[in-house]
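TrEMBL has this to say about the protein:
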BINDING   125, 195, 223  Mg(2+) binding site
BINDING   344, 358  ATP binding site
């Protein structure tokens, strides 16, 4: 056990960032590839300090009981960075919130408008593998040089002014939001698709004054400590992005939520429409095809069609816009078909091993994930493996219960740590949760799974690495807990995936008796692996399954 914590503490070591002045000088100078690497690495390490910055954490505690202070603080940070809320009006923003599907809706919307030839900006969260994914130009994460250049510009201005403002710096997400606005203005995008972080009314993206159109995807229960514990309270928060006179669209919602959204729209004087079912649209080129898998994506696609159409009408016919009712043009259709959004209902086939990745982390999204996996995964001589983790306040026991009908042969649990060996992967480090808490959560998840499957309590769990101390005597092998994602993937794939088996990647050796228990995975024709419960888990898996995502 102590060996595990030592390894993980090494993995989570934060390098000392270089001085701001020195980095600023380097950004302006010609640099070698090595220095570029140091620049991006130190930018990300410096960004990570905002996860644990003492003043930032104090802000969060203070503002939790006074949420209106959040937007006030955000405006102050924005001005310190050299921007004004008035400048944001020039970004021609599409603002989207929701509990489930808001990222997919934004991805559909961005792809559609890019297909018309517009230069798009897209801000989303969280990232899967690299933090640069959160800020996209024309669908692609901004390059390392651009990220580094703009990062130090914004960070430098905030750092220079902090002494005059009580030493305060913005927390991680606030900083990235400011950075995204700065990038989009500097890169002169035609529009920016902005995904809300949490909620809406008091989210830091809601300093936007004049979006061109707003959207709300499917609502459900999530982030209850911040947004409230009922669908009505959550709907009130989401409706906070409505602006006077700005058209807004929502997918069909539970009636209680719909009543609140209509009241919010009336109060704010915002015209609100409910999107039709996707089947209600007509095309001249055959049935609609979506680039994103899953039945639940159909409502996201309908919302994206309305948002894109409304934006296009304002751009091309600013005095006359109307609801998109029936017929779709070819570009709208092709935009839906061409959309890509990794980590959501994504399938990767590596020889005999097929990975099904979905970052579902609420009850409703897990229901959709189970439906997708059941429909997509093959039946017959196939071994089914679940790789699961959940974070935060989410009720993982409820999500695991929904996964029981998938009839997995093994359930594997691990923390959202990509590798247990010290690594330079600063993009996926999280300093807000201790390694002890991560592991405890995995053990709780493993216990819940055993109880749901009537396997008895978790009396046999141990860290499945050599020379570790078992927590309790070993018993069953139908559930396993590994110290990191790579160790879990190596055990699951059993050398049958050459990408995961890459000898350049070092893992802790797994105990021989645990390797022996993987015999069924060696004998079957195929292995199907569902990776779900957390977007951070999916991102960590993608780092190993899709090496190009780390470049």
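Each Cβ is built from the backbone N, Cα and C atoms, and glycine gets one as well.
Any TrEMBL annotation is an automated prediction that lacks curation.
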Alpha-carbon spacing, residue 125 (Mg(2+) binding site) to residue 344 (ATP binding site), which is rounded to whole Å: 13
Other C-beta atoms that fall within 10 angstroms of the C-beta of residue 344 (ATP binding site): 27
Sparsest Cβ surroundings (other CB atoms within 10 Å) among the binding-site residues 125, 195, 358: 125
Euclidean distance between Cα atoms of residue 358 (ATP binding site) and residue 195 (Mg(2+) binding site), Å: 19
